[in-house]
Amino acid sequence: MMDEGLERERDRETGRLASMDSIESRWVFQDEDDSEIDSVDRDTVDGDGDSTPRNGLELDSDDEDSAEQKLIRTGPRIDSFDVEALDVPGAQKNDYEDVSVGRTILLVFQTLGVVFGDVGTSPLYTFSVMFSKAPVNSNEDVLGALSLVLYTLILIPLVKYVLIVLWANDDGEGGTFALYSLLCRHAKVNLLPNQLPSDARISSFRLKVPSAELERSLKLKERLEASLTLKKLLLILVLAGTSMVIADGVVTPAMSVMSAVGGLKVGVSGVKQDQVVMISVAFLIILFSVQKYGTSKVGLVVGPALFIWFCSLGGIGVYNLIKYDSRVWRAFNPVHIYYYFKRNSTKAWYSLGGCLLCATGSEAMFADLCYFSVRSVQLTFMFLVLPCLLLGYLGQAAYLMENHADTTQAFFSSVPSGAFWPVFLIANIAALIASRAMTTATFSCIKQSTALGCFPRLKIVHTSRKFMGQIYIPVMNWFLLALSLVLVCSISSIYEIGNAYAVAELGVMMMTTILVTIVMLLIWQINILIVLSFLIIFLGLELTFFSSVLWSVGDGSWIILVFAVVLFLIMYIWNYGSKLKYETEVKKKMSMDLLRELGPNLGTIRAPGIGLLYNELAKGIPAIFGHFLTTLPAVHSMIIFVCIKYVPVPVVPQNERFLFRRVCPKNYHIFRCVARYGYKDARKENHHTFEQLLIESLEKFIRREAQERSLESDGDGSDSEEEYAFSRVLVAPNGSVYSLGVPLLADFRDTGKAVMEESTSEELKPGTSSESLLSDAEQSLDKELSFIRKAKESGVVYLLGHGDIRARKDSWFIKKLIINYFYAFLRKNSRRGIANLSVPHSHLVQVGMQYMV
């Protein structure tokens, strides 16, 4: 009952705020792009009771081509979002919050099956790769290598990722692009210039404004927003990290499966390396074939298998500790690391690349966070995964203390003979599961980068009706399979693949460290000493590891670097071309004055129906519309410019999806609609559902527009004539003020003639009562809603304008090569934005247009 009372009180407060906001009048200057600036709220009073001006930037308008500056006395700009934002009781919650005990246990099994498979299979190959670089000469070497592994596990997966980086998620979404989205939300660092002020008012933004007390946060924000070089550098870091994640998705299956199948050499003496490769190829094909069945389904099936695997790791470790040498516990003393380097020097440095393999899968914990909650990942790692891993490595070291010659297959050699085949079976199952960890992380990163305009659009299949983050990308799935097979067949040595594995892991780890450091400074605003400690410790550690693996890059692991560079170039070229195309469309957009001169009929015939003209412009009239007018003999009676736009939030609530704005006077029946999606949103609605949602939102906007207009006209009789007389004024460049004399409610009068703002001089008659004005407004509202319904019944047609870009003849050769060939190839083979709506071809009208850039 208390909650219901609070809810009602909040609703009343929301309504009061909306009403207050609606009746405030103000003087507003409008510059060339029609963004309202320097607005002064007449009724705004600060806490001390003094009248204070309040400056703010209003949402865009489509009337952007006026040469003069306008001074308007009006209420707040009527906008479909102004009231809707207040209707939302809270921001979007993570799918996994507030779950029951039974659901938590189920979630733990799914987490094991998806997130921890990669790091869980690292004991299969870590010591083997390490000792291939630095052979064991004494027990002290085993202790030194074990100490390195233990502290790498504690520092990187536990301290860095589980305790720090997981908290830098974007409302439950992890990965390099989630960090970039988080930064884009707090500072204007996105290079694509389609940001709108209204985006910051989406309830799921959860924007924390940098506090005035921490000046370095504000200075960093200003520095990032003012420097194009820093913006490009930040984007390059994000793209480099993402390319390494995708490269990791190629090498992880190869490494995990090859290591597990390689155990056959221990169980069956006659098995050759070529046979191991062929069996690994078969396993990889099976693995990628079942990827389409979804994360939750596969995770639930294989979760118990991973649980058995971790229990086996711990059990074998305890067995070896008891049977061989329990003194390996001394490796927790870090002094053994010093002695290890002192004895082996250069060889010990070479072995660092193999040591890092114990932390593989750390980035998967962060990138796969979209599938699970932070708490479930943290608790599962600290209380199950980490203890079993530590016991497993301690047991292997105890075995190697007495068997220095068995380092090539350290794990399988340490398994008790009676348990070898069951452990071999469960190890192969775990390896297949581990390969899924980075594959699902790759899918998540690609979806995020596509939404933020940094990757060509691909078909995305949502494998869960309940959880939006669980996706499958068919093209990337088979692409990763093909590259994994190439890697396995061309580099058959597990040691060379291990070095490639370390290269990919370290690349993304370093990028994550830098991005999280920026998040600490800009968003978390924590003590500078803590930030510097984080950066110095972890970036220094990762650079040390990276120097080791780069020294061995010539042995075959260079292939993975080449692949990462190719991916980086694809993403950068796509982002560069998309940015250039958008900027060109902004420059070429139609003039509002031209539309007004054409009149309500737009110089042609208005046929019954609704035309949804898709374009990428978030504001302004696209030039492609002028191409439609000159190409087609008729346009629809209602035109809606639809821009599908991704904003840097994971999820946009459904009732905040559409943002409307009227274009031109009312009897033109032209609207602007921005359909906003988060990068985690599932666009699964068909065209019928999309049309229904869009029309319902449009009707809601028109009703609220009429309500706001009626509230605006409701005032004291003493100054109402003054308000109407000065409702439209024009300020000339020389400072002269000219009244246009158009009442605010003139647009609602159904005169049957074109109402032109520049030429209409209708005055409010002294005898006109407020009741008759309200009656006219209500009739006008009913007629417009009826007009929309009739247009909807006549049919909805999707008008698609395909704008292509070509480099000018006088452009540099590199620019011609990138735009005319590389970007054109990517755009031609990428998925059309309209494809997700499943529009039948009978409802499509397409017109192409080419821009020279």
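Note that Cβ sites are derived from N, Cα and C of the backbone, with glycine treated the same way.
Unlike curated entries, TrEMBL annotations are predicted automatically.
Record features (TrEMBL):
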- 107-593: domain 'K+ potassium transporter integral membrane' (DOMAIN)
- 608-851: domain 'K+ potassium transporter C-terminal' (DOMAIN)
- 28-69: region 'Disordered' (REGION)
- 756-775: region 'Disordered' (REGION)
- 105-125: transmembrane segment (TRANSMEM)
- 145-168: transmembrane segment (TRANSMEM)
- 233-255: transmembrane segment (TRANSMEM)
- 275-291: transmembrane segment (TRANSMEM)
- 298-322: transmembrane segment (TRANSMEM)
- 348-367: transmembrane segment (TRANSMEM)
- 379-399: transmembrane segment (TRANSMEM)
- 419-438: transmembrane segment (TRANSMEM)
- 475-495: transmembrane segment (TRANSMEM)
- 501-522: transmembrane segment (TRANSMEM)
- 529-551: transmembrane segment (TRANSMEM)
- 557-577: transmembrane segment (TRANSMEM)
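Ranked by the number of CB pairs under 8 Å to the transmembrane segment (233-255), the listed stretches 145-168, 298-322, 379-399, 475-495 are led by 475-495. Counting Cβ pairs under 8 Å to the transmembrane segment (419-438), the stretch among 275-291, 379-399, 529-551 with the most such contacts is 275-291. Taking pairs at least six residues apart, the transmembrane segment (475-495) and the transmembrane segment (275-291) share three or more Cβ pairs below 8 Å and count as touching. Most Cβ pairs under 8 A with the transmembrane segment (557-577) among the ranges 275-291, 501-522, 529-551 are made by 501-522.
Annotation: stretch 145-168 has the most Cβ pairs under 8 Å to the transmembrane segment (529-551), among 145-168, 275-291, 298-322.
Count of Cβ pairs under 8 Å against the transmembrane segment (379-399): among 145-168, 275-291, 348-367, 501-522, the largest is for 145-168. Long-range Cβ contacts of the transmembrane segment (298-322) within its own chain (Cβ-Cβ under 8 Å, at least 6 residues beyond either end) map to 106, 108-114, 116-117, 120-121, 123, 290-291, 328, 371, 384-385, 387-396, 398-399, 414-416, 419, 423, 426-427, 429-430, 432-433, 436. Nonlocal intrachain contacts for the transmembrane segment (501-522), taken as residues 6+ away from its ends with a CB within less than 8 angstroms of a stretch CB, comprise 156, 160, 164-165, 168, 176, 179-180, 182-183, 186-187, 210, 216-217, 220-221, 224, 234, 237-238, 240-245, 247-248, 250-252, 255, 353-354, 356-357, 359-360, 362-363, 366, 528, 530-531, 534-535, 538-539, 542-543, 545-546, 549-550, 553, 557, 560-561, 564. Tertiary proximity for the transmembrane segment (145-168) is limited to same-chain residues at least six positions away from its ends with a CB under 8 Å from its CB atoms, namely 119, 126-127, 130-131, 134, 136, 174, 179, 182, 328, 331-334, 336-337, 340, 351-352, 355-356, 358-359, 361-363, 365-366, 369, 374, 377-378, 381-382, 386, 389-390, 393-394, 397, 509, 512-513, 515-516, 519, 534, 537-538, 541.
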